[in-house]
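The structure appears right after this line, and notes come after that.
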Amino acid sequence: MSWLEKILEKSNLVSSRKASIPEGVWTKCTSCEQVLYHAELERNLEVCPKCNHHMRMKARRRLETFLDEGNRVELGTELEPQDKLKFKDSKRYKERISAAQKSSGEKDALIVMQGELLGMPLVACAFEFSFMGGSMGSVVGARFVKAVEAAIENNCALVCFSASGGARMQEALMSLMQMAKTSAALERLSEKGLPFISVLTDPTMGGVSASLAMLGDINIGEPKALIGFAGRRVIEQTVREDLPEGFQRSEFLLEHGAIDMIVDRREMRQRVGGLIAKMTNHKSPLVVSVNESPNEEPYSVPEVDEKG
């Protein structure tokens, strides 16, 4: 065997070993570009263990990891999108729906589940961004209303994880109508004295941010989530001014009072559970106090000398 044949044999052996590694074992962080073991990333709830970058998460997995195991019931599964306008751009709307259902594995862009969080009854919903950019159409609006109705019926809180590009253009005015429809439903929830916690994840834009996503009794942002209405370039072209760096990130919004807090995804169950327990006066042994300093003495109103 010549020296050239030996080299070729070794290279073939190495390439065959590489080919034996199945796809999906490794992935790369979209922020620090660190190569990560996919199973480890899943265990860490799609948060990079190297730089803590919060990657986009599937809606179904988000709800399954957020709610307690067992007793989870999905709502609104009978609702499916329809092409009532026979809309066509570069593709027919029907074709876009079929492609999105095939790629995402979901019927539409919102999943609603009823279950428990740390032993407390809860209704939770999450947007699936891989389904047409998490856009809000008639089915999304109808499912969200079902979530509100279920929360009212069970006298419990509602939590929504938003990840959307906004209203679905293929449904025209019917998609814009969902902004008013979901807002009106939340007003009914508020009248019953039940809390709505909105968790804004990356990205939350357009008609969703301009309606239900910003109507929470408490608005929570994930770290470095993109949150806004129009994109940076559109705004700059409209106002003809340069905008500050990161002005649509959750940290900037928290600093300027647009959201109430930023919570790491890995702490979301306990933080949201603690908030709901406080807001509903629910006693649960699984809930850890949301107070950062539980040993701190409670604040007392100072007495005022009325004579002086």
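Cβ coordinates are placed from backbone N, Cα and C, and glycine is handled just like the others.
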Segment assigned the feature zinc finger in Swiss-Prot (from 29-51, 98-120, 190-212, 259-281): 29-51
Cys51 (Zn(2+) binding site), number of other Cβ atoms within 10 Å: 11
Those binding-site residues listed as Cys32, Cys48, and which of them has the most Cβ atoms within 10 Å of its own Cβ: Cys48
Per-residue pLDDT averaged over the zinc finger (29-51), given as an integer: 93
Chain-mates of Cys29, Cys32, Cys48, Cys51 with C-beta within 8 Å of site centroid, Zn(2+): Thr30, Ser31, Glu33, Gln34, Leu36, Pro49, Lys50, Asn52, His53
CB contacts for Cys29 (Zn(2+) binding site) [other CB atoms within 10 A, all chains]: 18
